[in-house]
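Lifted from Swiss-Prot, the feature list:
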BINDING   Gly15, Ser16, Met17, Phe18, Ser19, Gly20, Lys21, Ser22, Asp88, Glu89, Ile90, Gln91  ATP binding site
ACT_SITE  Glu89  active site, proton acceptor
BINDING   Cys145, Cys148, Cys183, His186  Zn(2+) binding site
Amino acid sequence: MYETYHSGWIECITGSMFSGKSEELIRRLRRGIYAKQKVVVFKPAIDDRYHKEKVVSHDGNELEAINISTSRDILLQDLSHVDVIGIDEIQFFDKEIVNIVEKLAENGHRVVVAGLDMDFRGEPFEPMPQIMAVSEQVTKLQAVCAVCGSSSSRTQRLIDGQPAKVDDPIILVGANESYEPRCRAHHIVAPSTSDEEEM
């Protein structure tokens, strides 16, 4: 007789800001709820733009979530009866999140994560490249460029209406007042302050 294994998997939803990542995460998790599956959602404490204890899309759709400070906080929860685990804004967690989502999948959970693939400079946003590599399914969403209306794959950070400098901090949580979607042609990263002084 053959043995059957109940194995979980990882689904990764990624793209620029305003591409609908949280919206898609909420949609997939709600389908699990409709199917009478036990669903638990986590979000990083740093993301308090709309609500501390809910995943909220830019369109206002929301789902209850557990606010956590570190990726290890996920393992402190009793997940023994949980079928589906959602994690929003995964790029804000430490690199240990990669091992944690793999462990959750190995324990039979369906893990659905969402987060940015690139930072405001257009560079890979760690640990998303590793999450994408270990995922069984990767969905890359695009927004619409705020300048020309074409497909947008990048996130433009604006400080007082001007492009952020290359040496600005990577993590700065904001919404539409400090970020907008841009295509490759209209994505701008200003030179560092020291480069400007040399000119």
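Each Cβ is built from the backbone N, Cα and C atoms, and glycine gets one as well.
From a predicted model like this one, the values you see are computed outputs, not experimental measurements.
All features noted in Swiss-Prot, drawn onto the structure.
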residue	record	contacts (Cβ under 8 Å, 6+ apart)
Met17	ATP binding site	Leu116, Ala143, Thr155, Tyr179, Glu180, Pro181
Ser19	ATP binding site	Leu141, Gln142, Ala143, Ser152, Pro181
Lys21	ATP binding site	Ile13, Thr14, Gly15, Asp88, Ala114, Gly115, Leu116, Leu141
Ile90	ATP binding site	Ile97, Val113, Ala114, Gly115, Pro127, Met128, Ile131
Cys145	Zn(2+) binding site	Ser151, Ser152, Pro181, Arg182, Cys183, His186
Cys148	Zn(2+) binding site	Cys183, Ala185, His186
Across the recorded positions (Gly15, Asp88, Glu89, Cys183, His186), the Cβ with the fewest other Cβ atoms inside 10 Å is that of His186
Under a three-state DSSP reduction, the secondary structure at Gly15 (ATP binding site) is strand
Those same-chain residues, other than Cys145, Cys148, Cys183, His186, found with Cβ within 8 Å of the centroid of the Zn(2+)-site Cβ atoms are Ala146, Val147, Gly149, Ser150, Ser152, Arg182, Arg184, Ala185, His187
For Cys145 (Zn(2+) binding site), the three-state DSSP class is coil
The correct three-state DSSP answer for Ile90 (ATP binding site) is helix
